[in-house]
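As structure tokens, the structure follows; a few thoughts come after it.
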Amino acid sequence: MILHDLISYDVLRLIWWGLLGILLIGFAVTDGFDLGTGTLLPFVARNDLERRVVINSVGPVWEGNQVWLILGGGAIFAAWPPLYAVSFSGFYLAMFAILFALILRPVGFKYRSKRESPTWRRNWDWALFIGSFVPALIFGVAVGNVLQGVPFRFNSDLRIFYDGTFFGLLNPFALLCGLVSVSMLIMHGGAWLVLKTQGDVRERARNYGSIAAIATIALFVLAGAYIWAFVDGYRIVGSIDPVGPSNPLVKSVEMGEGIWLGNYGTYPWMMAAPILGIVAAFLAFILLRIRLEGLTVIVSGLSIVGIISTVGASMFPFILPSSLMPKASLTVWDASSSHLTLFIMLVVTAIFVPIILVYTAWVYRVLWGKVDEDEISGGKSHAY
Amino acid sequence: MELDIVDLSRLQFALTALYHFLFVPLTLGLSIMLAIMETVYVMTDRPIWRQMTKFWGVLFGINFVVGVATGIVMEFQFGMNWSYYSHYVGDIFGAPLAIEGLMAFFLEATFVGLFFFGWDKMSKRGHLTATWAVAIGSNLSALWILIANGWMQNPVGSAFNFDTMRMEVTDFAAVLFNPVAQAKFVHTVSAGYVTAAVFVLGVSAWYLLKGRHIALAKRSMAVAASFGLASALSVVVLGDESGYLSTEHQKMKLAAIEAMWHTEPAPAAFTVVGIPDQEDRETHYAVHIPWVMGLIGTRSINTEIPGIEELVELAKVRIRQGITAFDALQQIRSLPPGDPVPGNLRKTFEDNGHELGYALLLKRYVDDPRNASEEEITKAAWDTVPGVLPLFWTFRIMVGLGFFFILLMGVFFVLSAQHTLEKRRWLLWVAVFSIPLPWIAAESGWFVAEFGRQPWIIEGVLPTAAAVSDLGAGTVLMTIIGFVLIYTTLFIIEMGLMVAAIRKGPDPEEEPESPAISSHVVPAE
């Protein structure tokens, strides 16, 4: 095999670190407005027709959006096997809670309006709320724990041992990150609803969305301050071989205050990420108030891009630090797949992602426009 | 009975996989049938075909969504419950899963929204494209999943890397064109087509019996019978191909399925029925047909098929070779970091490394396989025999049903061409009561493939017991209970909606010609 030497191992690892970020961002931006919409469902829609309008606003697209998560899972497995193995088994019960929610959600969308019974529909509305709110919260909580380091270690066979508990995940900083995640997705979902609905629903969505935009800024800044004051960062001591084998145990790592902010000193351009997160959220707030609906959802999406990129930039080159055995921390340079696998997966991605973007854009264009109340109550063309 | 973490993790995976596989076969087949029906609609412009597409589409949707919801669980569980497996083979196994998302699932999930919501928003041909995209997407999905699964059965194109302590890909084309994966793919999608055909046939038969929606039912039946006949034939032929490949790659699985305790002179006899007894290593009350097994298994009259006892002897040899590899690996790893690996040590490992997995079988009995006694090696060798009785019978159930589907579809194919269906009410009832059978066959097939692979999670490479996550048994027990609760609830709801949608029938506003045609049929009640 000579072909894969075209791109050196360290460059491939960097590219896959970037792709990991893009996948997570793709998920948060597309499925994010569904999660935000589902979380807002009980608050912006007060009767059955309004609720159906809200559900149908994401009805045709949630399924495609959710694939970002499935693709993210698959890509982590393929490109970062140790990350997949440690995080999914370590966060076992949190993952189960997410699965539980993600089982309720598709079924809720599909089944809710299949029966007239108000009790049936009310139960599914709650299922949709839980199925949207819980993942939004847990994804944030997970990021909060990753930033603090996770209590895992390897033995010499690279078998994984995890010393934490489910309730240990629910510490103050992690919950703060959970709130950042929830408020940013509500902002995004609100922006989506303002675009896709009319009348009372739109006005309520506008209010919740703009409150959430301000809350996102406040909570994000607070989380940054908390990191600066209380959260120990991680740093590689000595050298690490960027083209070395993926064995996390051959390096040394130290912990210390303020390290997570160090990258911004070394690479000042990385400041673009947090600035984008804050400025775009503020712009989303303004646009919501001055009623420029078409742009809002793009701007709120950009805020999500900024916020998630901030996490990646702060931790680089760390991906999953270990608080129990710092040298076992997973980094860009020692937690990837082999050179050949990364290359093959890059080729496949380069071929298929453009195709996916083209047909997804086409589908959104076909479905463009407001959800029509008369169409839903007439019961003709809508499935939900 | 004391269940340890390995048993519990296996139980959870089996439950969730079998449950997921209740919905997948129907999605695979029905998506293709929808695309066929809609193609006829676009070509002939007759509204009845549009009504058919929409009606079966409603049932497709109710089924599809549970398949999607439970599929996510499968993808997450490798990492959650099988973290050492994920580390050990993620370099190879992860790629097909990721490609499935990129190439197949995105297509399917993006266009399924258009299938349901796009009827009035796009041209006929535009909508037909969306329907075919869903069908192609779901079938491509199965391709990649079975490439991943095929690799677990026949791990080609990879080697152990002692720097990273895991298997890594050496030849991706070999993983892709793994003959076991290809045979499994066509066998499995054909089984999905049969499932959908029997489903459509049975529901249509029920409408004919009740004298309702005659036009829709008859046409659906014609589609189901022709599509189903072709698929039922292919499922059996390709299943035979799978079996033939097992002779080559998974000899122990084949011997267990056939309860072949000893090697017999070629060509071996086929045991039709019997009660295999794992302890006495013989099959009681066995009924044999001479020659058949040898002919199917080897496609020759003079090649022997090895029996279980001979394969166990072979396993002992492989375990010893595995110990040699394990010893070389330990020596390599005890070298100071940065030191070059001496040539002879490297050679010893390279010569024996492919049997490293067999040494890991000993981990159940000793911490260091190098200290294993003769008795422990014998025990580990016997561990390579999966449970013979359940394999023997699930295989026979699957094959028996496979032949029954050919008969069923053949009869209906002929009768629907002769337009004499309504007169043979008992046959229609047979079709109705056949609805659950393809699911029994499909789940049996899953069981044969995966239970037959035990004690390996990856044949010959990694024992299942070594692959689990470090979790508490109580934690896994809790999630099993959680899955059982939500899955049972979901199943009841899904069945309720299915039955209600079938009772309700197609949208009457879409029903163009029913009164005229159904008037000459005597209603059932």
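The backbone N, Cα and C atoms fix where each Cβ goes, glycine too.
TrEMBL has this to say about the protein:
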| type | residues | note |
| --- | --- | --- |
| TRANSMEM | B:20-43 | transmembrane segment |
| TRANSMEM | B:55-73 | transmembrane segment |
| TRANSMEM | B:93-117 | transmembrane segment |
| TRANSMEM | B:129-152 | transmembrane segment |
| TRANSMEM | B:185-209 | transmembrane segment |
| TRANSMEM | B:221-239 | transmembrane segment |
| TRANSMEM | B:393-415 | transmembrane segment |
| TRANSMEM | B:427-449 | transmembrane segment |
| TRANSMEM | B:471-493 | transmembrane segment |
| REGION | B:506-525 | region 'Disordered' |
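Comparing B:55-73, B:185-209, B:221-239, B:393-415, B:471-493 for CB pairs under 8 angstroms to the transmembrane segment (B:427-449), the maximum falls on B:185-209. Cβ atoms under 8 Å from those of the transmembrane segment (B:471-493) belong to residues 3-5, 8-9, 11-12, 15-16, 19, 22, 66, 69-70, 73, 81 of the same chain, restricted to positions at least 6 beyond its ends. With a cut-off of 8 Å between Cβ atoms, the residues of this chain six or more beyond the transmembrane segment (B:185-209) that come close are 24-30, 32-33, 56, 59, 139, 142-143, 146-147, 150, 216-218, 220-221, 223-225, 227-228, 230-232, 234-235, 238-239, 241-242, 405, 408-409, 412, 421-422, 425, 428-429, 431-435, 437-439, 441-442, 445, 502, 505, 521, 524. Long-range Cβ contacts of the transmembrane segment (B:129-152) within its own chain (Cβ-Cβ under 8 Å, at least 6 residues beyond either end) map to 24, 27-28, 31-32, 34-35, 38-39, 53, 92-93, 96-97, 99-100, 103-112, 114-115, 118, 122, 158, 175-176, 178, 180-182, 184-185, 188-189, 192, 449, 453, 457-459.
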